[in-house]
Amino acid sequence: MNTSNTSLFEPDDTFRDHFSAVNEDGKRNWFYPQKPSGKWHNRRVWFTILILTLLFVTPFLKLNGQPLLLLNVIDRKFIIFGLFIGPQDYWLFGLTMLSFMLFIVLFTTIFGRLWCGWACPQTVFMEMVFRKIEYAIEGDAGKQKLLNKAPWTSDKILKKGLKYTVFLTVSFLIANLLLSYVLGVDELAKIIREPIQEHLPLFTGIVIFTLVFYFNFAWLRDQACTVVCPYGRLQGVLMDRNSIVVAYDYKRGEPREKLHKGQSRSAGDCISCFQCVNVCPTGIDIRNGTQMECVNCTACIDACDNIMDKIGFDKGLIRYTSENAIVNGTNKLITKRVIAYIAVLVLLWSVLAYTIAVRTDTQTTLFRAPGSQYIENNDGTVSNLYTFKIFNKTNRLVHPEIRIEAAGGRLQFAGNPDLTLEGAGMSEGTVFIIMPKSQLKKRKTKLQLSVYQGNQKLETFETTFVAPEE
Ligand code: SF4
Ligand code: SF4
C-alpha cells in the first residue's frame, strides 16, 4: 500500500470540457447507477426515515391551535414554528429568509453539500424513494439497461406499467404533502372531502404538481441538481479548500493502477475498478476532484470502502474530508471567512429576535382626514377628524378597541363600526378625537392612543392634534 505523501498525480482537466449528462452527440446520458450499499448508505436510510417522518408529520403538528409550519404563498401568510407572519410583516419574512440564506452559506462553507446528500427533498425522494422503487421492480443497473433495450414483451410492459403507476401515485402523494404545507391539513382535508367542482383551481394545482413531480422523478432526475438547482450552481463560490466534502484522496490513490494478483505493488491505492463511478447518480468520476455535479450522496464512499475491504487496503480512499486535509493533513474549520459569516448571522438574528420581541399584535395607522379642519365646539372642546386602519398581525380573531390616553380626551366614531378583525384581517373607519381646549397649549399637540383587547394593551401609537393658537 502506498502511504507516501509524494503525489504523482498529474491532474487531467479534460473532464471539464464536457458535461457528464450529455454525450458527444449532444444527447442525454441516461445514468444507471448501481445499487449503493454500505455503512454510509445505511446511515442515510435511517436519516431518510427521520426526514420523511418529519416531512409527513409536521403539517399535522399544531401550536396553540395553529399549524406549526405553514407556507401559504398564495395568501402571503406564513407560520414558522408558531410565529405568524402576515402580509403586513413582509419585512419580517424578508429578514427571516435573509438569515436563513446566510445560514445556508455558512453551513455550506463549513460542511459543503451535506444538505444535498442527506436532507434535500430532491435527493431524498429521488435516491431513497423513487430509485428504490425502480430497483425493486426492474432490478439493479445491469438489469435496467437490458430491460430498456429489450423489445416490448408482456414482462416489460408489466414492469414499466407498474413502475410508472407507482411513480405517479407517489408524485400525487408528494403534491398533496406540498399543498398541506401551503394550505394546512384542515383546509386540504376539506378540499378532499368536498366535491371537486367547489375547489377546481386547487384541484388543478394538485394535478399540475403531481405531473411536475412525476416528470422530475421519472425523467429529469439528476438534471434537477446539475442543471436546474441554483444552490448547486453556487457551490464554486460558497466552498473553499477547508470545506468538508466527499473527496478522493489523490495523494493516497495516485498513480492508479489495476491490481494484479501476486505482483508487488508500487502504485497508489486506487485500483481503477470504477466502482465509485458506477454507483454515482450524477455520472461523474470523483477521482477528478470536487465537481459541481457531486451531490455528496456518499455512494462512492461505500463503493470504494467495499473494494478496499475486499483487497485488504485501508478504507477511506474516498471519504468526507477537505482539500487542505488531503494536501497538508490538517484542516481548519473556523476560518476568518466563517467568523465573518457567524458575526453577520448573529447580528441578523439579534435584529430578528428584537423585532419579534417588540412586535405588536395589531398595527394601526390613524391620519387626519384629508382637507379637514379642526372644529371648535360650544362646550369648550376642539374636534379633529381622522381616518384609521387597523391590521391584525396575528392569525386569530381580535376584537380591538381604540382608546385615547390623553386626559379629558374622547373618541367619537362615525357610525357604530364593528372593528372585529379576522386573522390577518383589516378594519377601517373614521373617528373624531375631541379634546378640551384647556389641554391644548400649542397649535399642534402630540396625542397618544392605544389599541386594547379587553384589558390587554395591544399597541400604542401617536397622532397630531390641531387646535386654534391661544
Ligand atoms: S461523486 Fe460520489 S458523492 Fe458525489 S454524487 Fe457521485 S457518488 Fe455521490
Ligand atoms: S472505487 Fe476506489 S479503488 Fe475503485 S476506482 Fe474508485 S477510487 Fe479507485
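Every residue number used here counts from 1 along the chain in the order it is shown.
Each residue, glycine too, has its Cβ placed from N, Cα and C.
Note that TrEMBL annotation is computational and uncurated.
Taken from TrEMBL, the feature transmembrane segment covers 45-61 (among others).
Per TrEMBL, the feature transmembrane segment maps to 91-116 (among others). Away from its own ends, the transmembrane segment (91-116) comes close to residues 78, 80, 85, 123, 225, 231-232, 234-235, 238-240, 242-246, 294-297, 333, 337-338, 341-342, 344-345, 348-349, 351-352, 355-356, 359 of its chain (Cβ-Cβ under 8 Å, at least six residues beyond either end).
Sequence annotations record features per position, and here TrEMBL assigns transmembrane segment to 164-182 (among others).
Long-range contacts of the transmembrane segment (202-220) within the same chain, counting only residues at least 6 positions beyond its ends with a Cβ under 8 Å from a Cβ of the stretch, are 122, 125-126, 130, 164, 167-168, 170-172, 174-176, 178-179, 183, 191, 196, 228. Residues annotated as transmembrane segment in TrEMBL: 202-220 (among others).
Packing against the domain '4Fe-4S ferredoxin-type' (261-289) from elsewhere in the chain are residues 1-2, 8, 11-12, 15, 20-21, 29, 31, 33-36, 126-127, 131, 141, 221-222, 225-226, 246-248, 250, 252-255, 295, 297, 299-300, 302-304, 306-308, 311, 313-314, 317-318: each is 6 or more residues past its ends and has a CB under 8 Å from a CB in it. TrEMBL lists 261-289 with the feature domain '4Fe-4S ferredoxin-type'.
According to TrEMBL, the transmembrane segment annotation covers 338-357 (among others). Outside the transmembrane segment (338-357) by six or more residues, the chain places 83, 92, 95-96, 98-99, 102-103, 105-106, 109-110 with a CB less than 8 A from a CB of the stretch.
In the domain '4Fe-4S ferredoxin-type' (261-289), helix, strand and coil residues by DSSP number 7 helix, 0 strand, 22 coil.
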